[in-house]
Amino acid sequence: MTMLKDPSKKYRAFPTIDLPDRTWPSKTITEAPIWCSSDLRDGNQSLIEPMDSEKKLRFWKTLVQVGVKEIEASFPSASQTDFDFVRTLIQDGHIPDDTTIQVLTQAREDLIARTFESLRGAKKAIVHLYNATSPSFRRIVFNQDKQGVKDIAVNAAKLFVKYAAQQPETHWTFQYSPETFSATEMEFAKEVCDAVIEVWNPTPEHKIILNLPATVEVSTPNIYADQIEWFCRNVSRRDSVIISLHCHNDRGTGIAATELGLMAGADRAEGCLFGNGERTGNVDLVTLALNLYTQGIDPQLDFSDIDGVRKVVEECNQLPVHPRHPYVGDLVHTAFSGSHQDAIRKGFAKQQEGERWEVPYLPIDPADIGRSYEAVIRVNSQSGKGGITYLLEQEYGISLPRRMQIEFSQVVQGETDRLGLEMTAQQIYSLLHKEYLQANAPYALVSHRLQEENGHSAVEVEVAGEGETTLHWRGKGNGALEALVAGLPIAVEIMDYNEHAIGAGTNAKAAAYIELRVAGGRPVHGVGIDENITTASFKALFSALNRSLSQQEAKAA
């Protein structure tokens, strides 16, 4: 089957909203919305392999550290795992006083009862009710008319009141989502929400949340903004309602839809870090927050260590962040074009500490989010002839990890600037050897012994230290590398590890690459090459460790 010559026979444009006096186009966002992360619920349910409890707790702690104050933790009635996770958060004291747990439930009494039971003992909680309201869901999925769909919402809302009253020690906030809101007739969406409001009887002092999802993105962002402005004008008791947005990215405009929705009067935004979620993902909270930041608005979220946050998200979701992803991708602060590089160089030369940021091609100062300037201008001395990475792969079988490519290209650029000449493949390899493989001070690996004990690795290494001293370090861990890190006298965090074979047969060698941080410093890479893969990995660690310590010493001097 191929694309239709006349797609109007199969698809139709979404109807516009009659709102000739719309005001949102002339407004600007002046403050951060209330943020709600749905990573542990909407994000988790979209993963090929959902997170286990350990990963969920790690993710929860990261969200708290970043500063997210409302976190949708799970769907407690969906599984015992989700129920138990909520209990763990409450019973083990993982919910700070300024943070509110949110959970989701469908509109059935047994599920609602189970949901409230999961929250027993919580100081405060948001309980989130939803049912779909759009024509296609009414007709195709539920076989219900409008009254039937409205009754589902109203009856469930009454059950919320009933079960909340049984746990008066908790400060409850109720949230209702007319799922598929953006594909629902506005008058009917308002009718259902007004009916729920009537049951919950909110006040300006104790508000409810009405969450208005673009469950599937069906129109351009301006139409969604019109829907939000129309709804904000017409919903009952607006002063007692928090209007929340929940955008997906099916048309690639989830960020724009959310920003226009905030301009149209919304108070709150739900989403996921780096845009994980069903299909094309939920709106990306990181991009939303940093878009505000680069407009001079405090986003109320802290991404000072954006690479550390990305590491947690990638490991928990088991999904990579795209190298072109806004703000956090490996390549977003990198210029390959000569004219771009020239403009950036001139911008850095004129930029003064404390002045407004005006470096061309860089909408944010990379240092603000924990990035170094070294990756900004990546010079390829063999531009048009394959590049540094291509030459190393083709001539020497060395495949540098992406972030190390960025780091090493700066070393090459420094050498080409010094020589005033292009570098051959042999010269590039010699520079790699000198920079990484000969990084033997202050600690040089002499030998190592590895043993397996009760499923764990035990490592003892002999190290040549400064002043001809001999050191012996011992450590245990789940693998050889983890055991070595445990035995180091310095706090080291491994950010990334890669390995591959060089050549084949009896002459094959192993190459190992490590990215690590020493004592919370900036990430540094190391390389090790040896016939034995364990030895290669140890050499790579010492290479990175020595390079980091040398750089810290040089900076201190």
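Cβ coordinates are placed from backbone N, Cα and C, and glycine is handled just like the others.
Here is what Swiss-Prot says about this protein:
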| type | residues | note |
| --- | --- | --- |
| BINDING | ASP42, HIS246, HIS248, ASN282 | Mg(2+) binding site |
| DOMAIN | 33-307 | domain 'Pyruvate carboxyltransferase' |
| REGION | 439-557 | region 'Regulatory domain' |
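Mapped onto this structure are the features recorded in Swiss-Prot.
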residue : record              : Cβ contacts under 8 Å, 6 or more apart
ASP42   : Mg(2+) binding site : GLU72, GLU270, CYS272, GLY277, GLU278, ASN282
HIS246  : Mg(2+) binding site : SER38, SER177, ASN211, LEU212, PRO213, ALA214, THR215, ALA269, GLU270, GLY271, ASN282, VAL283
HIS248  : Mg(2+) binding site : PRO213, ALA214, THR215, VAL216, GLU217, GLY254, GLY277, GLU278, ARG279, THR280, GLY281, ASN282, VAL283
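Within 8 A of the CB centroid of the Mg(2+) site residues ASP42, HIS246, HIS248, ASN282, the other residues of that chain are SER38, PRO213, THR215, CYS247, GLU270, GLY271, CYS272, GLY277, GLU278, GLY281, VAL283. For the recorded site, HIS248 (Mg(2+) binding site), the DSSP three-state label reads strand. Annotation note: ASN282 (Mg(2+) binding site) sits in a strand segment as assigned by DSSP.
Taken residue by residue with DSSP, ASP42 (Mg(2+) binding site) is part of a helix. Mean pLDDT for the region 'Regulatory domain' (439-557) in this predicted model: 93. The number of other Cβ atoms within 10 Å of the Cβ belonging to ASN282 (Mg(2+) binding site), over all protein chains shown, comes to 29.
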